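All remarks here apply to the structure that follows.
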Amino acid sequence: MPELSLLSALDAARIQWYHFKAIIVAGMGLFTDAYDLFCIAPIMKMISQIYYHKDSIGTALLSTSYAIALLGTALGQLIFGYLGDRVGRRKVYGLSLLIMVFSSFGCGFSVCTTRRSCVMVSLGFFRFVLGLGIGGDYPLSATIMSEFANKRTRGAFIAAVFSMQGLGILMSSAVTMVVCLAFKNAGEGSSEKTNVAGLETLAPPESDIAWRLILMIGALPAALTFYWRMLMPETARYTALVENNVVQAAKDMQRVMSVSMISQITEDSSSELEQPPSSSSYKLFSRRFLSLHGRDLFAASANWFLVDVVFYTSNLLLSQIFNFSNKPLNSTNVYDSAFEVAKLAAIVAACSTIPGYWFTVYFIDKIGRVKIQMMGFFLMAVVYLVAGIPYSWYWSKHEKTNKGFMVLYGLIFFFSNFGPNTTTFIIPAELFPARFRSTCHGISGAAGKFGAIVGTVGFLWATRHHEEDGFPDVKRVRIAFLILGGVCIAGMIVTYLFTRETMGRSLEENEDEIVSTSAGSSPANELLRRQY
């Protein structure tokens, strides 16, 4: 059967240049995603000194500034995940990138510079739109990479795409440091009051340009990748199994990859009468879908929700616990807080985050997804408990260079990325049928981003009370750490009870579909029935 031959050829294909090209093209979207999502912490430090120098930013406004992009990301995952299955992965892949490019520039050119409230509303709007594009990139990149990859190294390829986030975090920190240093050195260091956005402030006027420049630079990687995305063909699995056009699928793969048997598949398929696309034997969220895939969807969504509660809260700790704003404000040290937060983020990314990603790339197809995910949740729980119980001892003097705490903080990110933060991105791209794959990945990812909102907003409100020296209340931070440890334990339990291993199996094997001969089967379902 031509479909079976095509999928078998893809699963057995040797590693070749196009696989690495696909990793770069798909990964640059996630690179941009990470840049845009994680540059906001140091930027909010700058905005607080430029527009709110007499008062600190309220918890409600700070929570909204973090949550608005995450909300857009969740909606983008749902919308583009659905569109990826409805009209094709390739057709909407470039659209998500364009949204990121234009909204990044929109953030920089926030349309009102006369009042700080207007600036924040404009920035919030464009951050929300930016989130839509970022969210769209998650299910499309994961699905495309999973459908291009061979069976033996599929996990490593998807993990490599996701690992570009680490480089995006590192780049956002580097850009922030360079911009802050350049603007600081260009300033005169005076303490004279100036006018920024209609407000009297010690911050120099050019500081209002600095944070906008950081945001706009995030558009460049996405813009440079757009052309190459448009050259990518539709995935063979979507064309063959959803559109029922195995001839076109074989031709597309022959154009970009050297796969044995592709030429023969094209010849054999051309001699057969093409069947028109038929409706799926069951619909999304139907009783049959839930009986076959409900457990997998629950496990993928719950685990992503839990890990994002922890991961995004951990990132927020960077700008809240490590307080660098105790110097008197003048026209140059308006950049100091942002620089210090970005520098620490760069150190954590280089020493913990990026190595964690690449440990997963190396071990994912050797150890398996479930074992890595359980190990990551367990060790993160241990680190949170070790850091949380004696928290007041670590920070009794609030030493920003406390080496013991910094090591523990870095281990959180290492075991997050050599663990559930990466595997929750991989598993939903491998479990579901081709016609539901992008949608289910989007649902799982959206659950994760709602977890990120819960963690981010919850932590900000839980630690809103500060001590006399301006640091968050020690008791509240300790409780937050212990709660995060409990969340990790819950993730380990959910993984153990509900998550299925996908290593070493084809995507069609992982679908685990049971097709009845009495039901009206599509060619894709008939393929699965004959194969198994």
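One is the number of the first residue shown, and numbering goes on along the chain from there.
Every residue gets a Cβ built from N, Cα and C, even glycine.
Taken from Swiss-Prot, the feature topological domain 'Cytoplasmic' covers 1-22 (among others), and the record attributes it to sequence analysis. With helix defined as DSSP H, G or I and strand as E or B, the topological domain 'Cytoplasmic' (1-22) counts 17 helix, 0 strand, 5 coil.
The transmembrane segment annotation in Swiss-Prot covers 23-43 (among others), and the record cites sequence analysis as its basis. Residues 65-66, 69-70, 73, 96-97, 100, 104, 127, 130, 134, 137-138, 140-141, 144-145, 157, 160-169, 171-173, 175-176, 180, 211, 214-215, 218-219, 221-222, 224-225, 228-229, 232, 315-316, 318-319, 337-339, 341-342, 345 of the same chain sit 6 or more residues outside the transmembrane segment (23-43) yet have a Cβ under 8 Å from a Cβ within it.
What Swiss-Prot lists as topological domain 'Extracellular' is 44-62 (among others).
For 63-83 (among others), the entry in Swiss-Prot reads transmembrane segment, with the evidence type sequence analysis.
If you look up Swiss-Prot, you'll see 84-91 (among others) marked as topological domain 'Cytoplasmic'. Through the fold, the topological domain 'Cytoplasmic' (84-91) approaches residues 139-140, 143-144, 147, 232-235, 238, 242-243, 435-439, 442 of its own chain, all at least 6 residues removed from its boundaries and within a Cβ separation under 8 Å.
The transmembrane segment annotation in Swiss-Prot covers 92-112 (among others) and is backed by sequence analysis.
The feature topological domain 'Extracellular' is assigned by Swiss-Prot to 113-124 (among others).
Using a Cβ-Cβ cut-off under 8 Å and counting only residues 6 or more beyond its ends in the same chain, the transmembrane segment (125-145) has close neighbours at 22-23, 26-27, 29-30, 32-33, 36-37, 40, 65, 68-81, 84, 89-90, 92-93, 95-100, 102-104, 106-107, 110, 157-158, 161-162, 232, 235, 425-426, 428-429, 437-439, 441-442, 445-446, 449. Summarising the annotation, Swiss-Prot assigns transmembrane segment to 125-145 (among others) and lists sequence analysis as the type of evidence.
Summarised as a single figure, the pLDDT of the topological domain 'Cytoplasmic' (146-154) averages 91. Per Swiss-Prot, topological domain 'Cytoplasmic' is recorded for 146-154 (among others), and the stated evidence type is sequence analysis.
The transmembrane segment annotation in Swiss-Prot covers 155-175 (among others), and the record cites sequence analysis as its basis. Only residues 6 or more beyond the boundaries of the transmembrane segment (155-175), in the same chain, are considered here, and those with a CB under 8 A from a CB of the stretch are 19, 22-23, 26-28, 30-36, 38-39, 42, 141-142, 145-146, 148-149, 214, 217-218, 221, 342-343, 345-346, 349-350, 353-354, 356-358, 360-362, 364-365, 369, 417, 422, 425-426, 429-430, 502-503.
Here Swiss-Prot flags 176-207 (among others) as topological domain 'Extracellular', drawing on sequence analysis.
Taken from Swiss-Prot, the feature transmembrane segment covers 208-228 (among others). Outside the transmembrane segment (208-228), and at least 6 residues removed from its termini, the chain residues within Cβ reach (under 8 Å) are 21, 25, 28-29, 31-32, 35-36, 39, 42-43, 46-47, 50, 94, 97-98, 100-102, 104-105, 107-110, 113, 168, 171-172, 175-176, 179-180, 183, 196-197, 335, 338.
What Swiss-Prot records for 229-292 (among others) is topological domain 'Cytoplasmic'.
According to Swiss-Prot, the transmembrane segment annotation covers 293-313 (among others).
Summarising the annotation, Swiss-Prot assigns topological domain 'Extracellular' to 314-343 (among others).
For 344-364 (among others), the entry in Swiss-Prot reads transmembrane segment, with the evidence type sequence analysis.
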In contact by Cβ distance (the transmembrane segment (407-427), the transmembrane segment (63-83); 3 or more pairs under 8 Å): no
Candidate ranges 92-112, 293-313, 344-364, 442-462 - greatest C-beta contact count to the transmembrane segment (407-427) (under 8 angstroms): 344-364
Recorded stretch, among 92-112, 293-313, 344-364, maximising Cβ pairs under 8 Å relative to the transmembrane segment (442-462): 293-313
Sequence-remote partners of the topological domain 'Cytoplasmic' (146-154) [C-beta within less than 8 Å, at least six residues beyond its ends]: 10-15, 18-19, 22, 89, 235-238, 365, 429-430, 434, 437, 504-507
